[in-house]
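Participant: TrEMBL feature annotations, pasted as is:
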type: REGION; residues: 23-71; note: region 'Disordered'
type: COMPBIAS; residues: 41-71; note: compositional bias 'Polar residues'
type: DOMAIN; residues: 83-439; note: domain 'Deacetylase sirtuin-type'
type: BINDING; residues: CYS265, CYS268, CYS290, CYS293; note: Zn(2+) binding site
type: REGION; residues: 437-520; note: region 'Disordered'
type: COMPBIAS; residues: 474-487; note: compositional bias 'Low complexity'
type: COMPBIAS; residues: 497-507; note: compositional bias 'Basic residues'
Amino acid sequence: MTKGIKLENKKIKLLTSDQRAMSFDEESLSMNKMRKKDSANTKNKSATNSPKNIPTKASRSKSTPAFTSESLQTKKLHHILQLNSEDEKIANIHKVLSKSRKVLVLTGAGISCNAGIPDFRSSDGLYNLVKREHPNVSLGSGKEMFDISLFRDELKISVWATFMEKLYSSCKLAKPTKTHKFIAHLKNRGKLLRCYTQNIDGLEEMLGLELSSEQPVEEIFTKGNKVSQESSTLVRQNSFTSFSNAKWKNYDVVQLHGDLNKLSCTRCFHVFNWSRYWARSFRRGELPVCPHCENIQLKRLEQGKRVIDHHGMLRPNIVLYGENHPSGDVISQGLNLDILRGKPDFFIIMGTSLKVDGVKKVVRQVSKQVHERGGLVILINKSSVGDSTWNGCIDYQIWEDCDEWVSFLNDQQPDFFKTQKEVDKLRQLKREASELRKQKLVEKRKAKEQESLKTPPTTPIRDENKGKIMRPVSSDSSIASSLSSSDSDSDSDSGNRKHLQSLKRKLLPPSKSQTSTKKLKLNLKEVVISDAESDEDPAMSLSGQLYIKKETRTLTSTSSS
């Protein structure tokens, strides 16, 4: 008994799950293993027995599209040789492009061929053109005319100067192509994140796009003997060497290889605009002297300082092979900013064969980030780029001219080429149409309510056999016909009512006894019946007779009582 009492006084504490796990391993027990196996088997059976095609609640609530941009991604470079409107892949790619928000574009010389500017590596390109025009110059390939090593040979410098002047004049006569306008359209729609171009023609500036080479210039008046023929010369220091987030966001087009429309000094690196005098000197095969360096020499002479023999020479502000890129650090920082913060979801490469090493790195970096965000990478070019090097980076290559692809895209997706004003107008019209529909529904409901209130009640009809008043159920058409027929008789009824009221006032004087008033009412009814018979109104006479019979019965019953 004492032991039982002690046990009853003790408080039993249950172990928690953590304490039980620390005390022993539940999974090692055979019973628990058997239970887990049974539960797993039941889950598998229920999964197999359940129908697969029945959508869940989440799938019902969210309508899944027929395709996604991730499903269009490829592990190997897929080639599209022809633009066919019936091809589903091309249609799906264009749909993804139209729905994209941040498009990053990389362009090459192929987008300017239709403007009259030759590319570099084709049979009619600049490399072969240089060799044809200057057969006396020993050139292994035309690529040597765009290498920094040409400044070691004076003959190559003169050939290069004349060639650059011709290229500059052709760029001035050229006009933007459909591809350039497509890039400007992306900017106007707010879809262009950035355009990186290898071109040096600067045709994008004609369409209002902000170029990376365009910086505020300061005006300096040069007083040299030769430069005095010009009124003034615009000059600036190359400010594209320092990175700034605010400046970078304002750039629409980043020129990777410089700008042919500007001249830079080989010594002080000041940048100038072209002038007629300098264009003539280039045409003669001579590089003009830098006016900024000449001003420094004049100041040193006035101050009595030692004169520096070496002057800077002006050359087109482009980046040659083997030359350190003056704004390479700025471009790399801006590219990282576009990739991380810009979040591009579509990457278009147009008119380039991807032979330059720096451009290859840009493509790999951008394509990796675009694929991670579920976007696509497409290449529009008519020459091969090598499948093995670009598998996993580029999804599709379209073997077509860039302008023809843009026109085909315009035919397939016409809404994508509408201006932002047109898109805003369409949205406003849709909103107004939806508001009008809502107003019409409200007006219809109000009209129905008013019609239900306006419908008159059915008129009572007395049953001649039983003497009871019946309220017949009539249709709307019968009510309308009765109303139209009753309108003609309304004037006669109002006249009869007035006549009855006047007789009541004359024949019913005020009295206290009920019997006397009833007798007077009977007399009144008799008078009314006589008037109705004289007027040949059977309904009035019959109703009066029935009333007289009823009232006489009540009078006899009251008198007998």
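Even glycines carry a Cβ here, placed using N, Cα and C.
Nobody curates TrEMBL annotations by hand; they come from automatic prediction.
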Participant: Other than CYS265, CYS268, CYS290, CYS293, which residues of the same chain sit close to Zn(2+)? List them in sequence order, counting a residue when its Cβ is within 8 Å of the Cβ centroid of the site.
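Facilitator: Sorted by sequence, the hits are THR266, ARG267, PHE269, HIS270, VAL289, PRO291, HIS292, HIS311, GLY312, MET313, LEU314.
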Participant: Which one is it: of the binding-site residues CYS265, CYS268, which Cβ has the fewest other Cβ atoms within 10 Å in this structure?
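Facilitator: Each of the binding-site residues CYS265, CYS268 was scored; lowest Cβ tally within 10 Å is CYS268.
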Participant: Which has the fewest other Cβ atoms within 10 Å: CYS290, CYS293, the binding-site residues listed?
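Facilitator: Ranked by other Cβ atoms within 10 Å, the binding-site residues CYS290, CYS293 bottom out at CYS293.
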